[in-house]
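A.B. asks: Quick one: the structure is below, and I'll ask about it shortly.
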Amino acid sequence: QHLSDALIQSDLISYRDSTPWSNLGLSVLLRDTMVVSGGPPNSAYSSNAAPAITQTDSRDKWSKKMDFLLSVIGFAVDLGNVWRFPYICYQNGGGAFLIPYILMAIFGGVPLFYMELALGQFHRTGAISIWKHICPIFKGTGFAICIIALYVSFYYNTIIAWALFYFYSSFTSDLPWTNCNNPWNTENCTNYFVKGNVNWTNYSRSPAEEFYTRNVLEIQNSSGLRNIGGIRWQLTLCLFLIFTIVYFSLWKGVKTSGKVVWVTATLPYVVLLILLIRGATLPGAWRGVVFYLKPKWEKLLETSVWVDAAAQIFFSLGPGFGVLLALSSYNPFTNNCYRDAIVTSLVNCLTSFVSGFVIFTVLGYMAQKRGVNVEDVARDKGPSLLFITYPEAIANMMGSTFFAIIFFMMMITLGLDSTFGGLEAIITAVMDEYPDYLTHRRELLVLGLVVVCFMGSLSTLTNGGAYVVKLLEEFGVGCSIIAVGFLEAIAVSWFYGIRRFSNDIKAMLGYTPGLFWKVCWVAISPAFLAYIIISSLLNPQPLTLFDYKYPDWSITVGYIIGASSFMWIPVYMVYKLVWTPGSLKQVRNIVIFGSG
């Protein structure tokens, strides 16, 4: 039987390599027959290739196509769409920023998004094992992706825990950040919504700011990274509840997570619509919209604007994180991943754009209430926009309790489905790499991963946890994930070969990708990522949070954190070259092409 399988596989490979795959039915037959005989259907392999154990009919599958689409949209649309895009847009020229943003999406973000969906769907394996089929010497990229995903889980879920803290604090007739009469308030607390002719100085702090910094974070008990203080038990409980939800959403695979995203991926759109309608009816809303979209054409001459556009679209769509590989690996072989890439990319970008109106109508309202320019209100970015500026505006609306509850519920759901995607990337990658040990132990693997993520998050739950969150956000992901995406694009286009990759897509869809996609994959998209990396390294920005300036030693620690994930790429390359037996030519063929 083994000899018969080997002969069948050898004959099919020879036939396939000499005949164009013009018939989709034949392509699927070839692939399914090859799966049975243990070899993947691409010309990078000979009959000596390692068996792809994961490419079997026993592999988990999405119950419905919509489960997959909502999971991808849920991962791509996260908290960054609500705060980062509006801030980046107004900072870089308002309406004029849409030009570099759209161009970077068309030539960089969407092609990479499409590439990952196609790779995952064709090879049906996670971020580690997939390199055995593409270019084995780059397998360290898969390990780097998993470590980066761990770093993200260490701080991202803490932000969701903050939102949960606000959520249960909102169940009161008077929101606790509306006045200065609370135990955590100081003499600098100034409530300009109640008093008239308030003298706002550089030392003034709003009730919302003091609630966030002095009650939620208790940052006054920390002097910085050298003394981050004790662990906040309230936040620890919130994080425990978050990880409990995550565990029971992921423990059974895509069958359960695909159902949960029907709530977590759709609820934010309902809430965004409600907040948009409410924001548009506020006095002064038009000031915020004008400030958001008024074009500043001279900004287009600044290099930093194009860098921000490229970085925003990359982090928004999320190629390189291994999530798209994992999610698409559970798709049917003939699923139209091209259409999925276009639809989900459009939804993501439009969500970012609409979120800008939700945010800036409220900022315009606040500017009118304060009697200042919109620019003075919109200086905050990142979590400060979500936890200080917007809650402050909500607190002074009619029906403030209702709007606070749905806003923080939206933030929790936005964060949860992104967490589902990030952890699923790790789970799928590890299970596909070690199927003999983990195929029937998914529940234990997910439990172990959740425990590791919870323990790794403890430093972010301290009084100075916000400083740790900022450090991990900047260095734990940053250039490392962009470099991973760059290497992935190079490995697929230049080593695996654009012709082979195009044939893979033809086998699934029945037609070859057009010239535009091929040019983007080979040249434009890698150049797009190299541009971000070089610009980021040449123009490092000082790291600050609130009034705290990060010391030089912490920046060094940050670079070490970044290097700790990326280092596995060259380490694995050296290991593969040294330990692979055979002549120099044989080693080259094995580590690059996967065949002897």
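Just so it is clear, glycine is given a Cβ too, placed from its N, Cα and C backbone atoms.
Those TrEMBL annotations? Automatic predictions, nothing curated.
The Na(+) binding site annotation in TrEMBL covers GLY74, ALA76, VAL77, ASN81, SER316, ASN348, LEU414, ASP417, SER418. The disulfide bond annotation in TrEMBL covers CYS180-CYS189. The transmembrane segment annotation in TrEMBL covers 68-86, 98-119, 140-168, 231-250, 262-286, 306-330, 342-367, 402-423, 444-469, 475-495, 515-534, 554-575.
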A.B. asks: Restricting to the same chain and to residues at least six past its boundaries, which positions have a Cβ under 8 Å from a Cβ of the transmembrane segment (554-575)?
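C.D. replies: Apart from its flanks, the transmembrane segment (554-575) reaches 137-141, 143-144, 147-148, 151, 225, 471-472, 474-476, 478-480, 483-484, 487, 543, 591.
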A.B. asks: List the Cα distance (Å, whole number) between VAL77 (Na(+) binding site) and CYS180 (disulfide bond).
C.D. replies: 35
A.B. asks: Find the one among the binding-site residues GLY74, SER316, LEU414, SER418 whose C-alpha lies closest to that of CYS180 (disulfide bond).
C.D. replies: LEU414
A.B. asks: So, do the transmembrane segment (342-367) and the transmembrane segment (98-119) meet, by the test of 3 or more Cβ pairs under 8 Å (sequence gap 6 or more)?
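C.D. replies: Between the transmembrane segment (342-367) and the transmembrane segment (98-119), contact is present.
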A.B. asks: Taking 3+ C-beta pairs under 8 angstroms (sequence gap of 6 or more) as contact, is the transmembrane segment (98-119) in contact with the transmembrane segment (444-469)?
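C.D. replies: No, the transmembrane segment (98-119) does not contact the transmembrane segment (444-469).
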A.B. asks: Measuring Cα to Cα, how many angstrom lie between LEU414 (Na(+) binding site) and CYS189 (disulfide bond)?
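C.D. replies: Approximately 31 Å lies between the Cα of LEU414 (Na(+) binding site) and that of CYS189 (disulfide bond).
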A.B. asks: With an 8 Å cut-off on Cβ distance to the GLY74, ALA76, VAL77, ASN81, SER316, ASN348, LEU414, ASP417, SER418 Cβ center, who else from the chain surrounds the Na(+) site?
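C.D. replies: Output for this site, in sequence order: ILE73, PHE75, ASP78, GLY80, ALA265, THR351.
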A.B. asks: Cβ neighbours within 10 Å, counted over all protein chains: which one of the binding-site residues SER316, SER418 has the most?
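C.D. replies: Most Cβ neighbours within 10 Å: SER418.
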A.B. asks: To the nearest Å, how far is the Cα of SER418 (Na(+) binding site) from the Cα of CYS189 (disulfide bond)?
C.D. replies: 35
A.B. asks: Which residues of the chain, 6 or more past the ends of the transmembrane segment (475-495), have a CB below 8 A from one of its CBs?
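C.D. replies: Same-chain residues near the transmembrane segment (475-495) but 6 or more away: 112, 115-116, 119, 131, 134-135, 138, 141, 144-145, 148, 151-152, 154-155, 311, 314-315, 319-321, 501, 521-522, 525-526, 529-530, 532-533, 536-537, 558-559, 561-563, 565-566, 569, 592-593.
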A.B. asks: Quick one: pull the CA-CA distance for GLY74 (Na(+) binding site) versus CYS189 (disulfide bond), whole Å only.
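C.D. replies: Just about 38 Å between their Cα atoms.
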A.B. asks: In sequence order, what residues of the same chain, 6+ apart, have a Cβ less than 8 Å from the Cβ of CYS189 (disulfide bond)?
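C.D. replies: Same-chain residues close to CYS189 (disulfide bond) (Cβ under 8 Å, separated by 6 or more) are CYS180, ARG205, SER206, PRO207, GLU210.
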A.B. asks: Name the residue among the recorded positions VAL77, CYS180, LEU414 whose Cβ has the smallest number of other Cβ atoms within 10 Å.
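C.D. replies: Counting other Cβ atoms within 10 Å of each of the recorded positions VAL77, CYS180, LEU414 gives the minimum at CYS180.
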A.B. asks: Measure from the Cβ of GLY74 (Na(+) binding site) and count the other Cβ atoms within 10 Å, all protein chains considered.
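C.D. replies: I count 28 other Cβ atoms within 10 Å of it.
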A.B. asks: Hey, which of 231-250, 402-423, 444-469 has the most Cβ-Cβ pairs under 8 Å against the transmembrane segment (68-86)?
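C.D. replies: Between the candidates 231-250, 402-423, 444-469, the best contact partner of the transmembrane segment (68-86) is 402-423.
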